[in-house]
Amino acid sequence: METYLKNKKLIALGFLLIHTIAILIFTRGFLLTRTELPFHSTCSDVSLSPCLVSPRPNHDSSSDQSNQTQPKCWTKPIVDRVIIIVLDALRIDFVAPSAFFPEPKPWMDKLTILQKLAFANESSAKIFKAFADPPTTSLQRLKGLTTGGLPTFIDVGNSFGAPAIVEDNFINQLVLNGKRLVMMGDDTWTQLFPNQFQKSYPFPSFNVKDLDTVDNGCIEHLFPTLYKDDWDVLIAHFLGVDHAGHIYGVDSSPMINKLEQYNSVLEKVINILESQAGPGGLHENTMLIVMGDHGQTLNGDHGGGTAEEVETTMFAMSTKKHTTLVPPEFDTSSCKQNTDGKQICISSIEQLDFAATLSALLGISFPFGSIGHVNPELYALGSSSWNLENSDLGNFGTQSAAKEWMKHFVNVLCVNAWQVKRYIDVYSNSSVVGFSSDDMSRISDLYSAAEQNWSNSVKHILMDRNGDEGSTDISALLKEQIAAYLNFFSSVVELARSKWTEFNLNLMITGFGILVISLILQFLAVFHGEKSHVVGSWLSTGAAFTLFIVTIRACSFLSNSYILEEGKVANFLLATTGLIKLRYSVMRKTMRKEAFIFLAMVSVLRVSIDIGLTKQAATSQFMSSSPSWMLGIAPDHPALTYAVEIAPILSVVILICVLYVAILKAPSEGLWKYVTVGSMVSYFFIALLWASESKIFGLDGLLQVTGGRNRIPQTVYVIGLVQLCLLASARMFCAGKDKNWVIRTVALVSACSSPVVLLSGKQGSMLALAYVVAGYCIMRLEGVERKTKSDGQSKFSKLNPLCVVQWSLLSICMFFASGHWCAFDGLRYGAAFVGFDEFVLIRQAILLTIETFGFSIILSVFGLPLLVPIHSQTPQAHGEKRHKLFQMYMLFGVISATTVTATILCVTIQRRHLMVWGLFAPKFVFDVVGLILTDLLICLSSAYYL
């Protein structure tokens, strides 16, 4: 028997390895990054273009002397210094006036200094609505901003440990062109660009509970640096708004306080710039850019592709007071009337264009892989440095400032278009897949048409010394040429966004095939050691309905709508199985109470799923200082407030009583009993922590007595680790004596449950209680179909698949009922810092994994043995029981693997779907991580139980 069980443990390990290999192969084909070319732009490259190598912006003898001494590269530099202030997760309604939105909100109109400057008469400042490309994690946005390329999904996994960027980028070009860089704030910059900054003041960025350390560090170094002349580009990355959103939400006092703080900081920065903006001043020709890297939902989440997440903002200001007006054909302004009746306008910009535009402003070569174009409105702000109205137009004759600006801008776009076309050609030739010949032909035709018009007419106009002749025709030709270039850029970006990722179908099909084969083998392993008549009986009864339920759920993944409602689908199927059990109970006239209670708990979970999924919606009513959504559902009525505060603590007390009853009813053996007592102690500490955080118990000073709010969570973690060590030791040294099934399972599940409940917030204890009740009903109803059968020998040998399906569906419902969903903005990053203030990657990753998959996988896998009925403690019965448990684990693994197989089939079919990166790919990542974790825990459970 021991050899037989040892083989079963190896079978479980084998499926873990097979699934891992299959997923890695498929991932290699599906989540490929675009080919990163090793080439870098240099100043000499532009001589190969058809453009004017030395464009001629004319200056009077006294104007812009600093620019006269700047070295020329691809374009003439038109600003001397750039200050980039990144306010992480800056929503558009944080900056744009409330007049642009349906109704005013408390967080609007807080950055008043930016609005004042942007809407002043003859202002050289402008507010832009900026659009980011998903996924909207900080790493991808910084990478996209600096390279001018589109982000790739695989980089999401690197957001917590950013690797250095090897592609050509804006920062690299600044260094190559001799610019001096200073950085302060988010340490992601120093990870992405090591050894690139002349001075850097990085601060750790992943402690989302800390709203002030990074911001205070920025403020400490920002103001003194503004008075120094030892830099050309300054980058300050603030994180307070992002962290306030993650913890408290947008509609919260900490968020509003942060915005008001930023307004004061920006006002002081602008005052410093304006005080030194006169002729010969340190900031005579400086551009200030205040921008967000992405937006955030009202709940503070980001990472996906919703409008709230991809829409951010940018404020740009030139210290030169004159601004060149952009021709209306290229003006993207959207205007409203404010409360004073004054017309106010904001423009729009793609973050994709940021690297190219700043490269043109500073006169450096564009990043080799940039596919963005120079934004006309942002470029025009810097063009004020030409002082066109007072300049000696010399070779060009007497022309309007707008026409003069168009001459310079069209040459910049010529260089820009040549650079993008060069990259597309090199990429298509160097990449494994590249672009199709039809796509390349269409892009080449657009570029050739624009280049031909450039060479035949526009280039000669720019070189013509008699600029007065045909003034109207010249303006029309310039506008036509600019429009042709912009059409070329938009076509390139559209092509890149639709076909950027190189799917390797061979690897995808191989990974899918291996997973299907493993699914068949795992299904056969369920019947390993069974007699043929038992298999036939099983197939003819329970399997049909089980297969129907699993197939229905798998097929639902082919629709994006059903993926969005996955929790409700699982709850509906769970209710369907509950009705089947109710039917058997009524027919057998037994355990009808358990059947009705189970359906009641399913209804409760459905309500919880609806509330949990509401977190995705644009509401802030479910957010408070607690990471739990449960605190936000009560209105201001005192009775309901008390109920919401007391219910979580009362649930913990009930859980303690449940563990006490389990100890009393199950014969204790060795350390199992004491491990369970340790869980009761942990629950007591959790209740104590929540009571001290509540205002109604008057225990505010308790946290100081116990050593701070981190001491109790750390104590719970330590108790949990000690419990797991004791369980491992007991299993190793009491292998032949541990016949009691229930106490061992209760000990392991209780040891794991206390950290899960703690990390889940105050909702955790109520969810755990619901899980216990529903699980107890499944356990009681497990054999209701066979209650009238007298064949005692078959009670262990015949597997009932429906209870395993119910257990699996229940675990899925718990995932969504706890407020999660399959997207990166559904992760509760705040849970990773429960008990800790410092960021340690491995520790925080473990805590986040426990919080995310605690109820749905960890407790579900370890608690599965509770479904095995106990009829006797004879050696033969114990052996049959272990065999049935192995069958249950294999069937549970089959259900999980079927889910992942369906997800993989879905993303393969939908790989060109509009929502592939916003919906299907995150679903794929969550499911495969869940499968690997499930397989791993099945292996550990096999070693513990079998």
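From the backbone N, Cα and C atoms, a Cβ is placed for every residue, glycine too.
Looking at 82-101, 802-821, the range tied to transmembrane segment in TrEMBL is 802-821. Of the given residue ranges 596-619, 764-787, TrEMBL assigns the label transmembrane segment to 596-619. Only pairs six or more apart in sequence are counted, and the transmembrane segment (802-821) with the transmembrane segment (889-912) gives three or more Cβ pairs under 8 Å, enough to call it a contact. The helix, strand and coil residue counts that DSSP assigns across the domain 'GPI ethanolamine phosphate transferase 2 C-terminal' (809-938) are 102 helix, 0 strand, 28 coil. Counting only same-chain residues 6+ beyond the ends of the transmembrane segment (639-664), those with a CB under 8 A from a CB of the stretch are 630-631, 633, 673, 676-677, 679-680, 683-684, 686-687, 690-691, 694-696, 742-743, 746, 750, 757, 762-766, 768-769, 772. If you look at the transmembrane segment (539-563) against the transmembrane segment (741-758), you find fewer than three C-beta pairs under 8 angstroms, all six or more positions apart, and that falls short of contact. Sequence-distant neighbours of the transmembrane segment (741-758) (same chain, 6+ residues past either end, Cβ-Cβ under 8 Å): 652, 655, 659, 662-663, 666-669, 671-673, 675-676, 678-680, 682-683, 686, 689, 713, 716-717, 719-720, 723-724, 727, 764-765, 768, 834, 850-851, 854-855, 858-859, 862-863, 865-866, 868, 870, 881, 944-945.
Long-range contacts of the transmembrane segment (712-734) within its own chain (CB-CB distance under 8 A, at least 6 residues past either end) are made by residues 669-672, 674-675, 678-679, 681-682, 685-686, 688-689, 706, 747-748, 751-752, 754-755, 758, 834-836, 943-944. Just going by CB pairs under 8 A, the stretch in 12-31, 671-692, 841-868, 889-912 that sits most against the transmembrane segment (507-527) is 12-31. Ranked by Cβ pairs under 8 Å to the transmembrane segment (12-31), the stretches 671-692, 841-868, 889-912 are led by 889-912.
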